[in-house]
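Taken straight from TrEMBL:
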- 37-54: transmembrane segment (TRANSMEM)
- 75-96: transmembrane segment (TRANSMEM)
- 359-381: transmembrane segment (TRANSMEM)
- 425-452: transmembrane segment (TRANSMEM)
- 458-483: transmembrane segment (TRANSMEM)
- 495-520: transmembrane segment (TRANSMEM)
- 532-556: transmembrane segment (TRANSMEM)
- 582-608: transmembrane segment (TRANSMEM)
- 614-637: transmembrane segment (TRANSMEM)
- 649-674: transmembrane segment (TRANSMEM)
- 686-719: transmembrane segment (TRANSMEM)
Amino acid sequence: MLISSRKHSDTDHPPSSFGHSLCLQSSSSSLNPKEEFNLTCGFLIYLTAFVALIKTSFWCSLRPMSMSLISKGTYSYWLLFTYTIFTSHLCNGFYLPGSYMHTYSTRDEIFAKVNSLTSIETELPFSYYSLPYCTPPGGIKKSAENLGELLMGDQIDNSPYRFRMNINESIFLCTTHPLTEHEVKLLKQRTRDLYQVNMILDNLPAMRFANQNGNKVQWTGFPIGYTPPNSDNDYIINHLKFKVYVHEYEGTSAQIFGTGEEGMGVISSTNDEKKASGYEIVGFEVFPCSVKYDEKMSKLHQYDDVASMDCPMEIEKLQVIREQERVSFTYEVEFIKSDIKWPSRWDAYLKMEGSRVHWFSILNSLMVIVFLAGIVFVIFLRTVRRDLTRYEDLDKESQAQMNEELSGWKLVVGDVFREPTNSKLLCVMIGTGIQITGMAFVTIVFAALGFMSPASRGMLLTGMIVLYLFLGTGAGYSGVYLWRVIKSTSDGWRGVSWSISCFFPGIVFIILTILNFILWGSNSTGAIPISLYFILFSLWFCISVPLTLLGGYLATRPDPLTYPVRTNQIAREIPERKYPSWLLVLGAGTLPFGTLFIELFFILSSIWLGRFYYVFGFLLVVLLLLVVVCAEVAVVLTYMHLCVEDWGWWWKAFFASGSVSVYVFLYSINYLVFELQSLSGPVSAILYLGYSLIIAVAILLSTGTVGFVTSFYFVHYLFSSVKID
């Protein structure tokens, strides 16, 4: 979204937690329609030139000999890039993608929206209108949903809850027909499963305060019903008290470009130089209660005024859920002026007690891991340098004495680059790991910059899918290039490319299909519709597969990396060891897991307990530290295996760092047993374990790739640094 001529006060700053509305400003003059068009086109040209420049620089780094062939193209890209930089002064400012600001006048009507009903007990989302709630006057209409929202099971519908800006009122909605046996059973089941109604006003979730173990905590949404202790009756929530916090805004004339649900275009514009005033919604709280009404309520019409009331505390005054009962729904709203500015309105949600990050614990863990990794790295450097020095000194002595005193890694010089077993599978997993690692890194960087804030529901998952699709070129290139290095030929590159494009998506598709049948059987909105299956298949075969094949084809063009030593025709026998090598490989995953497990707790809490995760800066630090530790662990283990004359280091290097996924999956099971004790039913457990398995496989491929690539270049460098007779 683009904003021009917007003047902020010193306190009107973007939230530092996720950079939701980073604003870049220059002048305060308004733009005419022609300048608006030029501004939009110039921004698009800027992005195009930047992408083209990066692409050209990338190819220059890969093909130094071809610089003369593309120097003219590079020069043109530089001119275009420089031109767009100098003409960017037309842009007064822009917000990073997210939700744009709405300014309302007094008595403007605002309708709340409702998302799927959710519960931490079952993890099965259901439609809001699957229960006998009041419907809007114009019928139920679904809001536009992106790919991420659909995959997460979100179903956002309109609702009859109407708010009129700065008008405090108490409203009657409707009275239901006599509840049937099926409706009573469904309401009781949803109430006892602790399902929550998730209401949204101006893109803000409804927040409520509750007392938990004597502490005041904040939650989003409100429960469907209430079951008193030692009681067989359930009571429905049918009266809501809303508090809407508004901030009065006064500014110069503004023209706001938005890309929200209404589509791209001008949201509001004023061409005069007068002050434009209005109200922004900066807070949305709800206090739910149950009230038993008399039969007179059934004679009222929707949006009729009713008397304001206090929530009753006596059981006999609550609305019980039973057959033939008619439930009347009412609500009241109070508008309260607030000093909170619109860019800071999400701070209240990000400071929730349940999602507060233990900063000092994370920093302490990171410092310990960095210290341990530094010690391992220093020891490794000293050991390798000592071996190389001893070899250079002993190379002048007799052959017998040299063989007796040299380290074991020198003895496997003729087997160290022998083709590993299942080499095609290794190339496929390395290519897929490159794709997943690139997707994770770019996604976290963009999230840390504020492009994927909590205000943009589903944007994080959508961005991950799009990045994974377009990184297929890198996956195909790296996998086929490794295939050519191992085989010394390009034969079979098409099969490798096809396998890369289908390996991880195929695993995810099989798991999701099994889970989807379970969700379909439960009539949950979390089930992926058939239409979305076709969309995913289209994205897979129309974007990912062709780009992977393109990357594989490009990998057949350059000369492959050559080994510094020759491989013997007869393989050297690997000496027997007291302990199996897989124990050492499995134990190596504990060090990378140490960098991850604290952050993993908060990530799992955000996924399964409905808490907001917003510390992507810390997650980026953890990711970089994880990459460093995985690389060091893999190199040290590879060196240890070479020292005991074990030349089969290929798969061991991959699983040395990839074994962290085993601990991640075991930790997920531990989280299920001890943190999700209220999770009810085998269906919920199967869903949890299925999604955890997908995450573990992705971590295996990503961390294993980091370890293997580092070990490969270490072995190549080690054996190219010595004189081989």
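Keep in mind that glycine also has a Cβ here, set from the backbone N, Cα and C atoms.
Keep in mind that TrEMBL annotations are predicted by a computer and have not been checked by a curator.
Remote same-chain partners of the transmembrane segment (458-483), defined as residues 6 or more beyond its termini with a Cβ less than 8 Å from a stretch Cβ, comprise 97, 145-152, 154, 423-424, 426-428, 430-432, 434-436, 438-440, 442-443, 446-447, 451-452, 490, 492-493, 496-497, 500-501, 539-540, 543-556, 558, 560.
Three or more CB pairs closer than 8 A are found between the transmembrane segment (686-719) and the transmembrane segment (495-520), so contact between the two stretches is assigned (pairs 6 or more residues apart).
Counting residues 6+ beyond its ends, the transmembrane segment (532-556) has Cβ neighbours under 8 Å at 147, 150-151, 431, 465, 468-470, 472-481, 484, 490, 493-494, 496-498, 500-502, 505 in the same chain.
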